[in-house]
Amino acid sequence: MTNFIYNKHIISINDLSKKEMNSIIDFSFSFKLKSFNTFLKNKIIAICFLEASTRTRLSFESAIYRSGGTCIGFSDSSNTSLEKKGESFIDTISIISKYVDAIIVRHPKEGAARLASEYSNNIPVINAGDGANQHPTQTILDLFSIKETQGKLDNLNIAIIGDLKYSRTVHSLSQAISKFKKNKIYFIAHSALMLPSYIINILEEKKVEYSFHDSIEEVIKKIDILYITRIQKERLDSSEYANINAKFILKKSDLFYAKKNLKILHPLPRSNELSFEVDKTSYAYYFQQAENGLFVRQAILSSILNKKL
């Protein structure tokens, strides 16, 4: 198998070509068939999270151990020299790079992962989320889940609903979809949480067909994928949040006219934007999607740390 991403930083989904994304996705299927392997034998990977995480951190850790590797690091900065002694972020990354074969970074500030890659002494850096900017490994597992359920990544009708303004998963996924052919994206959000202009510019440049809508009812008969994200309460005042959130809650009744092949994806965690009653429908795929994060992250780590696969 040709390895396109050996020793490569993965900071933005735009760092990966369509060919590279497809390569990772195809490789991920092999890990779903056989999760335990030795691709990361004798490899040490640093997990440096300065922002809360459950699925991303634990799936990365599981991916490392299942592939024979070892991980070190921290899940917050409270007991590090960053917090206690005022050490700079770039010094922290520079030192950590001396101990490991790869560094996985999550940070609340946009651009932090890119900065880490500039001070990692040629040790590959993976962005596990930087502010409202990018979350490339989540996007690849989203694409994997779409291909797994639809059998393709082209010629699809995809609705994205919720927080389009601040959600890094939405920003990454929208850019990734633009690399594939003849997809149409239906964006559904409150006007206060609309897609950033730079994402719209990318879609325009790539000639992606897209439209904006006020409710899921407008598009439910057309779509193959419904990607829903939580409204980020921490970004809004309480009254604004309550008003917006109440309008974007997906219920089982909203799916009455859905196509049989529709699958609902969610990067999780959810708040109340996705009713628990939806979990029992044939459309729900977000828990399988979360599981797929394990296999995709095994494929990514194995690829960047092995010249030959």
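Just so you know, glycine gets a Cβ as well, placed from its N, Cα and C.
Per Swiss-Prot, carbamoyl phosphate binding site is recorded for ARG55, THR56, ARG106, HIS135, GLN138, LEU268, PRO269. DSSP assigns ARG55 (carbamoyl phosphate binding site) to a helical segment in the three-state reduction.
The Cβ of ARG168 (L-aspartate binding site) lies under 8 Å from the Cβ of GLY129, ASP130, GLY131, ALA132, ASN133, GLN134, HIS135, GLN138, each on the same chain and at least six residues away in sequence. Residues annotated as L-aspartate binding site in Swiss-Prot, with sequence analysis given as evidence: LYS85, ARG168, ARG230.
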Three-state secondary structure, which DSSP defines for LEU268 (carbamoyl phosphate binding site):
coil
Name the residue among the binding-site residues ARG55, LYS85, ARG106, HIS135 whose Cβ has the smallest number of other Cβ atoms within 10 Å.
LYS85
Which has the fewest other CB atoms in a 10 Å radius around its CB: THR56, GLN138, ARG230, LEU268, PRO269, the listed binding-site residues?
PRO269
Taking DSSP three-state, what's ARG168 (L-aspartate binding site) in: helix, strand or coil?
helix
